[in-house]
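Q: Not my notes, these are from TrEMBL:
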{"type": "ACT_SITE", "residues": "C132", "note": "active site, for GATase activity"}
{"type": "ACT_SITE", "residues": "H237", "note": "active site, for GATase activity"}
{"type": "ACT_SITE", "residues": "E239", "note": "active site, for GATase activity"}
{"type": "ACT_SITE", "residues": "D280", "note": "active site"}
{"type": "ACT_SITE", "residues": "D438", "note": "active site"}
{"type": "BINDING", "residues": "C132", "note": "L-glutamine binding site"}
{"type": "BINDING", "residues": "G367, N503", "note": "substrate binding site"}
{"type": "DOMAIN", "residues": "57-253", "note": "domain 'Glutamine amidotransferase'"}
Amino acid sequence: MQPPLQAQGAMANVAAILTVPCSAGRRPKRSSQPRGCGSVSVSVSVRASSGANTVTLLDYGAGNVRSVRNAIRYLGFDIRDVQSPEDIVAAERLVFPGVGAFGSAMDVLNRTGMANALREYIQRDRPFLGICLGLQLLFDSSEENGPVSGLGVIPGVVRRFDSSNGLIVPHIGWNALQITKDTPLLQGADGQHVYFVHSYRVLPSDANRNWISSICNYGDSFISSISMGNIQAVQFHPEKSGATGLSILKEFLRPNSLGTKVPARRKASKLAKRVIACLDVRSNDKGDLVVTKGDQYDVRDHTSSKEVRNLGKPVDLASQYYIDGADEVSFLNITGFRDFPLGDLPMLEVLRCASEKVFVPLTVGGGIRDFTDANGRYYSSLEVASEYFRSGADKISIGSDAVYAAEAFLQTGVKTGKSSLEQISRVYGNQAVVVSIDPRRVYVKSQEDVPFKTVKVSTKGPSGEEYAWYQCTVNGGRDSRAIGAYELAKAVEELGAGEILLNCIDCDGQGCGFDIDLVKMVSDAVTIPVIASSGAGAVQHFSEIFEKTNASAALAAGIFHRKEVPILAVKEHLVNAGVEVRV
């Protein structure tokens, strides 16, 4: 399934700095919607469109290309969308941000005649920048659901990372570049962290070594960028790589420019542990869209007012966390807004606004399932996810729906392909799908007391119990299910999840640290990245979770919102503790 080619208008033609609602230029929101995107300062580049200030974008309709659009516009350039093969051949400067599966992309390119147009454009050595899949498609073929033939520009085969020795796949996060060829595009990027998210890669060989401009190490050394004449491509996402990524984009868009200044920092050496800021978003009793924080999932104040805790506006906080150094920002839509037509969902506007200012990955969760709106219109979970991706999400997080899918799979042993988890991962790739697990600790006297995986706990239960299992819940922790966190994690990995967000109801809002027993159990059991969540209250809790478990990332909310612990303080502590982080 591939959505049609999309076209968007060019930017306005007069230069001005305006304070306007972030939704300016889009259709007005219905008055009944929760409010809270707020007004933000945006730069509106207004100039006559010309070849020097316009870049052609090849968007074949899959995944989050909005982030690339926003980065290009943020840097002061207009965009012309490809609508025919002739648009490719005529381009002065072409960006191809490939997203999704190799086979699906090549199918679209071949069907539309754009594959041959790309080959002609590249053969003429015209300025070209491929991003992620846009790099992989240049090679001979891919083993992803294949073999599938590629554009055949560069010798090599795209193969999956080898996870047989315990390597966590997908490769998600900030890893170090090692420059192998002097190229203006990567000036200042040597030893810097840039953002990767992929399960397949190409290895260097004698046949393609003249093309390679940088490599990255993850399990083995793979090609992270290529450069030959005016042809450039990168495996990482510059539009999600902060100041370093913007500098790379700026150099391609305007060669020999000063680019975006990248601050001096310690030299990166390997995949960094991630620090993620989470924003629980919901409407309060006044209808405003606010960031809140729960205490064991209860988001109302323990006062006579019982009002929803209001910790700020979603876009404002997300923008600040990007500035503060968060490696990712995660939005959790904890009300679902079930009665709004899909195109009017308030979270879509939050994503659109945030993606204009935040150049690190954005994840959104909550309400991603099949539903029928108040007008009787039915939406599949794939449609909902697709709209989130088009609005600026890089990853979507599935909760309750994944639990139901895992239960059915464990009962029958059959992958139906019909669950939201399976459908979304099949179309957009498993690296775009996070499963959020909400377990509650249940103490038992013996490991034989329950048919679920138990652990010997660090702190005994109320009656001296030495063991516990972690019972999964749905509907925001309100309903318990007969499945453990261990069993659920194993099942959703099999069904196509690319990452696990591991919460703990017992630790939520307590500030006493992550549940080490739970995180270690799950992170040792799966070969996909695990994000530790719930309980962070001090910088030491972050180093503890990385030192004692295989967690790839740690997420926090309240301590950041209340400014009790700054993100920078967490990063500095981790550096001093010998943990690799992006700083």
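Heads up, the Cβ atoms here are built off N, Cα and C, so glycines get one too.
In terms of burial and nearby residues, how do these features look in this structure?
A: Neighbour list (C132 (active site, for GATase activity), Cβ cut-off 8 Å, at least 6 residues apart, same chain): P97, G98, V99, V197, H198, V234, Q235, F236, H237.
Cβ neighbours within 10 Å of E239 (active site, for GATase activity), excluding its own Cβ and spanning all shown chains: 30.
The Cβ of D438 (active site) has 27 other Cβ atoms within 10 Å, all protein chains considered.
G367 (substrate binding site) is surrounded by 22 other CB atoms, counting those within 10 A of its CB over all protein chains shown.
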Q: Specify the nearest of the recorded positions D280, G367, D438, N503 to E239 (active site, for GATase activity), where nearness means the distance between Cα atoms.
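A: Given the candidates D280, G367, D438, N503, the nearest one is D280.
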Q: Work out how many Å separate N503 (substrate binding site) and D438 (active site) at their Cα atoms, rounded off.
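A: Answer for this pair: 5 Å between alpha carbons.
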Q: Over all shown protein chains, what is the count of other CB atoms within 10 A of the CB belonging to D280 (active site)?
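A: I get 25 for this one.
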Q: Would you please pick out, from the recorded positions H237, N503, the one with the fewest other Cβ atoms within 10 Å of its Cβ?
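A: Among the recorded positions H237, N503, the lowest count of other Cβ atoms within 10 Å belongs to H237.
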